[in-house]
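Working notes, structure below.
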Amino acid sequence: MSAIAKSIPKQVKFSTLSQLKQHAKDITQPTPQPEYKFGKLSNDQKAFLDRVIRVDQAGELGANYIYAGQHFVLSRTEPQLKDLIQHMWDQEVHHHNTFNKLQAQRRVRPSILTPIWKVGAFGLGAVTALISKEAAMACTVAVETVIGGHYNDQLRVLNTKFNDIETTEVLSGKDETGSVISNEVTELKDIIKTFRDEELEHLDTAIEHDAESAVPYWLITDVIKLTCKAAIFTAERV
């Protein structure tokens, strides 16, 4: 045995495995992110989501048929507006199809008054367009004002009543006090926000195209607003 080997204390051992273990301990491990698990929604919350999807599906169906009625008339009497009406109509078709899918996914019963919504909405769009293009635009202002406000009301409820405490969601991890919502609710909120913004764009477009020149503007818009609010109240429940 060499003199160098003899000079090394016996308690000192050279082991590749022990060196690797020590090296592994020295490496800073990333802090694990908390994992969130969501509990079931309460019966009241499920009922609210079902009402949201039912009434929004019915509302977008109505908007779809209103623009169909307007397009049927204005494409003939005001051909310069044909592309504009078609653009807004296409967006309403997309809105309607989206809520159709949500309705099927959640197995939400549609409004039993759907046939009435179709006939009434098409008639509203066609009749106001027959009066004048300004009356048709006033109709759009009234409808989109009510729908925009309705979507805002829904978002307020979703933002305040669907956090981790209200939904009895069980959180695991370090942060058990944060407000966390499930993907389903988040996606629904995003959809409603997007559609609300597009509805308000339609409102602005209608004002830009002389909606306020309709005669009598206040009567047309007030009657249609009341009609829309009554339809929303009914579609939520029937």
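A Cβ is built for glycine as well, from the same backbone N, Cα and C atoms used for every other residue.
Remember, predicted model here, so these are calculated numbers, not experimental data.
Under 8 Å, Cβ to Cβ, and six or more positions away along its own chain, GLU60 (Fe cation 1 binding site) finds GLU92, HIS95, HIS96, THR98, PHE99, PHE195. Per TrEMBL, the feature Fe cation 1 binding site maps to GLU60, GLU92, HIS95, GLU199.
DSSP assigns GLU199 (Fe cation 1 binding site) to a helix. Positions annotated as Fe cation 2 binding site by TrEMBL: GLU92, GLU144, GLU199, HIS202.
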Take the Cβ of HIS202 (Fe cation 2 binding site) and count every other Cβ within 10 Å, whichever protein chain it belongs to. 24
According to DSSP, collapsed to three classes, what secondary structure does HIS95 (Fe cation 1 binding site) have? helix
Mapped onto three states, the DSSP assignment of GLU60 (Fe cation 1 binding site) reads helix
Additional residues around Fe cation 2, ordered along the sequence, whose Cβ is within 8 Å of the centroid of GLU92, GLU144, GLU199, HIS202: ALA63, MET88, GLN91, THR140, VAL143, ILE147, GLY148, GLU198, LEU200, GLU201, LEU203
Environment of GLU60, GLU92, HIS95, GLU199, the listed Fe cation 1 site - residues of the same chain whose CB lies within 8 A of the CB centroid: GLY59, ALA63, ASN64, GLN91, HIS94, HIS96, ILE147, PHE195, GLU198
